[in-house]
Structures are given as C-alpha cells and as structure tokens.
Amino acid sequence: MQNDISKEFSLGGLLRFTFPTIIMMMFVATYIIADGIFVSRFVGTAALSAINIVYPLINVMLGVGIMLGTGGSAIIGRELGAGKEDLARRHFTLLTLFAIAMGLILSLLCFVFIEPLSIFLGADEALLPYCIDYGRIMMAFYSISVVQVLFQVFFVTAGKPKLGLILNVASGISNIVFDYVFIVLMDMGIKGAGWGTVTSFLIGGIPPLIYFMKPRSVLYFVKPEWNTQVLLHSMSNGVSELITNISSGVTTYLFNKVMMQMMGQDGVAAITIILYAKFLFASAYMGFSNGVAPVFSYQYGKRNHVQLKRLFKMSMGIILVSSAVISVLSFLLAEPTILVFTPRESSTFTLTLDGYKICAWNFLFCGVNIFASAFFTALSNGVLSALISSLRTFVCVSGCILFLPKYLDLLGVWLAIPVAEVLTIVVAIILFVGARKKYQYA
C-alpha cells in the first residue's frame with residue numbers, strides 16, 4: 001500500500017502535504033480559545049481567569065497524547081521506511097491502547113481532586129467555583145482528547161493528513177457552535193464552555209477509532225504486540241512534547257501568580273488573552289513541524305541522506321519565511337485579536353495591548369525552536385529534542401518570569417517570552433550545527 005510520506009517532495013509538494021496539519025493544529029487551538037472568547041464576553045473576566053487557572057491540567061492531558069503520538073510516530077515512520085509494515089501496525093495498535101489507558105487514569109485523578117488542584121494552581125474564593133464547574137466537566141471526558149491528539153499525528157504518518165484536517169475542522173466548528181448554544185442561548189455559563197469543548201472532543205476523537213479498525217491506509221488496528229521497549233522508547237523520544245505542555249502549564253501558573261499580585265484579576269485576564277494569541281499563531285509552526293516530522297522519520301529509516309538534506313533545507317526556508325510573515329501579521333492584528341475578547345473601553349484592553357506589542361516579538365524566533373524540537377524527535381534523538389523544549393518552555397521562560405519583573409516591573413513580565421525564545425534559538429543553532437554530520441541532513 002502506497003504511503004504519501006515516501007514521496008520525493010518539491011517545495012510546493014511539501015507545503016501542500018503539511019498544509020492540512022497546519023490548519024489542523026490551528027483548529028486545535030480554537031478549542032480552548034473559543035471557550036475564552038465566549039466566557040469573557042458572556043460570563044465575565046473572573047470566569048476567563050478561572051479557565052486559565054485550570055489550563056495547566058489540560059496541558060498535561062494534551063501532552064500525554066502528543067508525547068505518544070510524536071514519539072511513536074518516529075518509531076512507526078522508521079519501521080515503514082524500513083519495509084516493516086506489519087510490525088508498524090502492531091506497535092501502532094499498542095500505542096493507541098496505551099494512550100487510552102493513560103488518558104482514563106489521568107482523567108479520573110484530575111476529576112476526583114479538581115478542588116485541591118485548583119486551589120494549588122492559584123484559585124481564590126471568587127474563582128474556585130468557576131474552576132470546579134469547568135474542570136470537572138473537562139476532566140470527565142479529557143481522555144478522548146488524548147486519543148484525538150494522538151491520531152492527529154498518526155493520520156500524517158499513515159499518509160492521510162487531509163482526513164485529520166477534515167475531522168479537526170468539524171471538531172473546531174462544533175466547539176464554536178456548541179459554545180454559542182450552551183453559553184449564549186442556554187445561559188449555562190462556564191459549564192456551557194466545558195460542554196461545548198467536550199462535544200468537540202467526541203467529534204474529533206471517536207471517528208478515527210472507527211476509521212483505523214479497517215485497512216483503509218497503511219496503518220490500521222491489528223492484534224497488538226506488547227513491547228515495553230517500544231512504549232518506553234516512544235515516551236522517551238516524545239518526552240520533549242510532554243515537557244512542552246507541562247512546562248506551558250507551569251509557566252501559565254507562574255504568569256497567573258505574578259499578574260494576580262501585580263494587577264489583580266485584570267492582570268490574569270490580560271495574560272490569558274496574550275497566551276491565547278501566542279498559542280494560535282504558534283500553532284502554525286507546530287502544525288508544519290508535526291506534519292513534516294514523519295517524512296523525516298521515513299527518509300531517516302531508509303537512510304536516504306539526499307532526501308534528508310533537501311527536506312531540511314526546504315523546511316528551514318519555510319520556517320524562516322513564515323516567521324517573518326507571522327510576526328508582521330501578529331502586530332497588524334493586535335487590536336482586532338484583543339477586541340475579540342474584551343471591549344476597547346475596558347481596562348483589560350489597554351493592559352493587554354501594551355503587553356501584546358512586546359510579547360509578539362517572540363514569533364520571530366519560536367518557529368525555529370519548535371521545528372528544532374520536532375526535528376530531533378523525528379530522528380529519534382529525544383535528548384536533544386527535550387533539551388530544546390525544556391529550555392524554551394520552562395527553564396528560560398520561568399527564569400525570566402521570576403527575575404525580570406523584580407528589575408523591570410510589568411515590562412519584565414511582557415519580555416519573559418521573547419527573551420526566552422532568543423536564548424533558546426542560540427542553543428538550537430548550536431545543536432543543528434553539531435548534529436549535522438551524525439545525521440547527514442546538511
């Protein structure tokens with residue numbers, strides 16, 4: 001059975017192949033963002049702040065799916081490249097079952113302990129009821145989102161990125177529609193936001209399970225083969241993506257804590273809006289990187305160094321050009337983006353706009369860093385991938401959040417993300433240069 005990732009891509013062909021994954025990731029970003037828009041407009045900034053407080057738990061759940069998806073995809077893509085299709089299918093089935101089990105365990109734990117977890121993450125007496133209402137609904141069904149994220153990656157590995165796109169578009173649109181129905185028409189408040197997102201999970205997560213039950217592509221479910229080494233290798237190889245999501249949760253907690261101390265609820269609402277915008281624009285980089293990663297894994301499995309060099313050169317060119325384009329767009333769309341969440345006359349709008357104009361400089365650098373982490377994951381070098389990811393999303397940004405405000409006050413908060421990206425890109429460039437001979441991609 002022909003697999004699209006085995007093709008020799010031109011620049012246009014690579015863009016067409018990764019385009020569905022880019023759009024797919026941007027629709028994933030709409031799940032949480034849609035909740036934020038409807039909640040901020042129709043429930044209030046306190047509820048918006050509550051969603052951001054629960055967000056670290058959501059990040060962990062997403063991180064598990066992405067870890068198993070990207071880490072496992074590198075293994076399965078390499079096996080497909082080596083002509084071991086039966087083995088790839090057994091490992092694919094094993095990873096799917098393992099992801100479902102992990103999702104169920106985490107969902108149960110977070111559901112039971114949502115109140116103490118919310119307090120630990122910074123909820124005060126005013127925000128705690130919102131956190132509990134939203135968090136319990138989300139955690140009850142979040143195991144489905146783990147599977148959904150897993151299949152986003154495996155659709156690409158199976159050479160069917162367009163199917164993944166269709167499901168995610170349907171899921172994203174349904175989230176917006178049901179948010180409107182539950183929050184605006186039925187006046188369910190923050191609970192409506194939770195049910196709207198859960199509905200989108202079901203639409204995006206159940207159909208792939210049905211699709212892969214029959215041999216419709218190179219990957220489909222077969223009798224699994226238990227292999228502890230494959231599971232451990234998948235987790236260690238994809239751990240950088242888990243680190244990214246956990247770190248994002250930790251840094252969100254730190255941002256919330258600092259902004260609550262400095263500016264109160266308006267400060268938390270402002271940083272929430274900025275992080276939403278960052279997530280949306282950065283999802284384009286993540287989509288391209290996740291889309292091209294299985295192609296790198298396949299060609300690396302074939303030891304096709306000529307194609308590896310071509311792919312690397314084209315990918316870096318795409319990332320650099322898109323970094324410039326996205327940076328310009330982020331500045332041009334600053335006010336319209338913020339106005340989606342809060343009216344111009346509000347104090348939150350002015351505070352958010354001031355911070356956004358500084359934070360948006362990160363888009364010049366984060367594309368290279370995101371690609372670098374995904375690239376080394378695709379080559380099964382989880383150590384380098386985790387190093388880049390941990391620096392970008394945790395070490396550098398956490399250090400900046402904790403220290404810069406002490407000397408620069410509020411400006412230090414806004415500079416934390418751009419400074420962290422600049423520090424990380426220096427390391428990424430050094431690793432690109434240092435590893436090029438080993439993997440022969442440049």
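Just so it is clear, glycine is given a Cβ too, placed from its N, Cα and C backbone atoms.
For 12-33, 53-71, 92-114, 134-158, 165-186, 192-213, 267-288, 314-334, 355-376, 411-435, the entry in TrEMBL reads transmembrane segment.
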Among the ranges 134-158, 355-376, 411-435, the one whose Cβ pairs under 8 Å to the transmembrane segment (192-213) are most numerous: 134-158
Non-local residues, at least 6 beyond the ends, that sit with Cβ under 8 Å of the transmembrane segment (92-114): 57, 60-61, 64-65, 68-69, 72, 76, 131-132, 135-136, 139-147, 150, 154, 212, 219, 221-227, 230-231, 234
Stretch among 53-71, 134-158, 314-334, 411-435 sharing the most Cβ pairs under 8 Å with the transmembrane segment (355-376): 411-435
Stretch among 53-71, 134-158, 267-288, 314-334, 411-435 sharing the most Cβ pairs under 8 Å with the transmembrane segment (12-33): 267-288
Interface present between the transmembrane segment (134-158) and the transmembrane segment (267-288) (three or more C-beta pairs under 8 A): no
Per Cβ pairs under 8 Å, the stretch of 53-71, 314-334, 411-435 packing most closely against the transmembrane segment (134-158): 53-71
